[in-house]
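K.L.:
Would you mind keeping the following structure in view while I ask a few things?
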């Protein structure tokens, strides 16, 4: 039997005869006055726990009635179906499934895949590092990735309002995630501003970081190209690429440290303004627009990586870099550092806990196969990291061959320096250097934009779901205000000592806080909400329940995985150094304060929720860990739809 959605319309006083005639034509009767007649609506097996109506195609129980009633004619039956209709506008969805996949891939594949994974891989035993990396991915990263996609898709909520469906007392996790996302926006986009500065500087015949005759160069600058056979490289030599990055782009030499940052660089301020302008017009309308933008920003980096891989493989000495990259050192596996680095790398690479996966999945159809999506996107992310290692180390092998040095000497720089100094210098020595410089720095910008879209969308979705009546119709203005706040917060990273601020935020403001937040998230879902209930939700969506492996990971392995990272960070705090500047002790205290400023939302909200909830302490505590009933938080109405059974 084909059932069509009944039309709800206002009617004049037309009498019952006209209504009955229309119901006979359509095969259904809309009983708007049932409540007045004393009849109660049913909420039986036709309604699922997340508030989906049983008549909606979103529910797997299509066609199942909530009850039966006999018609006046003997032997005829009518099916009573209960439909819950919200007064709020319907939730936005992705235009295409590929929009969602590309958005998730673009979020997961970021700048860290290009500079962090290759460096950590060779530092921790080369090919031997792949073993702990894969183990941490299988038992830690992918289960967390899958869990967040399933939660977001089932409850269709952002990282704040979703907790009323899971465990209300943990709602502070959502606010902490939003603050962490703001901290990331304060420094992450500055790296794209550096890349934009490089991109604009590349539109000339001779790249500016290839010569030592510029005003920012020093006497130690050594013009060293493959054709300069009479020039020797010494320990005191500084490449023009390094001086361009440090003295022209960052201007770090004008700042003695974090205690005196200096003035804002107007060139970088304009570059960052352009970046945020692109970000705003990409996300201001929601996933309908950002889902189209990622078709370019998520696919273009793979084209550039392929071009650079082919070019790097043809360079002299490329094999030296590949051997250094993959040569296994199995003794490294006996050290704790390798396993810690593998766990941290896979966690920050896949990116659970930032609210992004919850937000993206909340715009999916209810029956979308998020299990398959989790496996596909996480696999693409890991393979991209592995591919990026070849792109980087073929060029490092070439640089070592050209300088007649060991590969580890050339690869001493990590983080952005690996891209903006070593790789930029290698590009300058290639034929058609201008072309390769343009596409490379354009790729860096594209990789960063994807992650920025995702991070801000996580905050936007969370706030719009939490305050729908205030912000739902003002999305454009809210996004504009959010972007302005992010730009103003990033001004400290645009100063002469801005690179020191970027490093401080990267080390302290996000890492420990987000790992702790995700640990509490797993505990809340697995132990308070319950693995059985969560698996039943997944079965309702996908038609099959997660297996024993996933249940064990969520209950035990993932919490231990996260505790291992947290404990190692607290036991062995990193020694933060950038260039020749060693961060003093007071900056460590400042970094921990920034990290705690976001996490403090979790215990603060717990106290607030217990204080404001009515009842005895036991009643308040029980209510705080019990999911709220669907429909209790907003105005909704019930519609009784009666259809003739065939």
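Every residue, even glycine, has its Cβ placed from backbone N, Cα and C.
Note that the structure is predicted; figures quoted are calculated from it, not measured.
Features from TrEMBL:
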type	residues	note
BINDING	106, 108, 109, 113, 349, 381, 447, 450, 451	Na(+) binding site
COMPBIAS	1-22	compositional bias 'Basic and acidic residues'
DISULFID	212-221	disulfide bond
TRANSMEM	100-118	transmembrane segment
TRANSMEM	130-151	transmembrane segment
TRANSMEM	172-200	transmembrane segment
TRANSMEM	263-281	transmembrane segment
TRANSMEM	293-319	transmembrane segment
TRANSMEM	339-363	transmembrane segment
TRANSMEM	375-400	transmembrane segment
TRANSMEM	420-447	transmembrane segment
TRANSMEM	477-502	transmembrane segment
TRANSMEM	508-529	transmembrane segment
TRANSMEM	549-572	transmembrane segment
TRANSMEM	584-611	transmembrane segment
K.L.:
Of all the binding-site residues given, namely 106, 349, 447, 451, which is spatially nearest to residue 212 (disulfide bond) at the Cα level?
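P.N.:
Going through 106, 349, 447, 451 one by one, the closest to residue 212 (disulfide bond) is 447.
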K.L.:
A 10 Å Cβ contact count, applied to the binding-site residues 349, 451: which residue has the minimum?
P.N.:
349
K.L.:
Cα-Cα, whole number of Å: residue 106 (Na(+) binding site) versus residue 221 (disulfide bond)?
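P.N.:
Spelling it out, the Cα of residue 106 (Na(+) binding site) and the Cα of residue 221 (disulfide bond) are 38 Å apart.
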K.L.:
Which residue, of the recorded positions 109, 212, has its CB surrounded by the fewest other CB atoms within 10 A?
P.N.:
212
K.L.:
Can you tell me how many other Cβ atoms are located within 10 Å of the Cβ belonging to residue 221 (disulfide bond)?
P.N.:
21
K.L.:
May I ask for the residues of the chain that lie six or more residues beyond the transmembrane segment (172-200) and have a Cβ under 8 Å from a Cβ within it?
P.N.:
111, 158-163, 249-250, 267-268, 271-272, 274-276, 279, 353-355, 416, 420, 424, 437-438, 441-442, 444-445, 448-449, 451-452, 455-456, 458-459, 462-463, 466, 485-486, 489-490, 492-494, 498, 501-502, 505-506, 509-510, 513-514, 517, 520-521, 524, 594, 597-606
K.L.:
Near the Na(+) site, what residues other than 106, 108, 109, 113, 349, 381, 447, 450, 451 in the same chain have a C-beta no further than 8 Å from the centroid of the listed C-beta atoms?
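P.N.:
Surrounding the site, in chain order, are 105, 107, 110, 112, 351, 384.
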K.L.:
Are the transmembrane segment (549-572) and the transmembrane segment (293-319) close, by which I mean at least 3 Cβ pairs under 8 Å that are 6+ residues apart in sequence?
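P.N.:
Result for the transmembrane segment (549-572) with the transmembrane segment (293-319) is no.
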K.L.:
Give the distance between the Cα atoms of residue 349 (Na(+) binding site) and residue 221 (disulfide bond), rounded to the nearest whole Å.
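P.N.:
For residue 349 (Na(+) binding site) versus residue 221 (disulfide bond), the Cα atoms are 36 Å apart.
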K.L.:
Is it the case that the transmembrane segment (477-502) and the transmembrane segment (263-281) have 3 or more CB pairs under 8 Å, with pairs at least 6 apart in sequence?
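P.N.:
Contact between the transmembrane segment (477-502) and the transmembrane segment (263-281): present.
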K.L.:
Quick one: find which recorded stretch in 263-281, 339-363, 375-400, 420-447 has the most Cβ pairs under 8 Å with the transmembrane segment (508-529).
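P.N.:
Most Cβ pairs under 8 Å with the transmembrane segment (508-529) come from 339-363.
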K.L.:
Residue list, the transmembrane segment (263-281) vs rest of chain: Cβ under 8 Å, 6 or more residues beyond ends.
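P.N.:
For the transmembrane segment (263-281), the list is 189-190, 192-194, 196-197, 200, 249, 251, 289, 445, 449, 452-453, 456, 479-480, 483, 486-487, 490-491, 494-496, 498.
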K.L.:
Could you state the whole-number distance in Å separating the C-alpha atoms of residue 221 (disulfide bond) and residue 447 (Na(+) binding site)?
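P.N.:
Each residue's Cα considered, residue 221 (disulfide bond) and residue 447 (Na(+) binding site) end up 31 Å apart.
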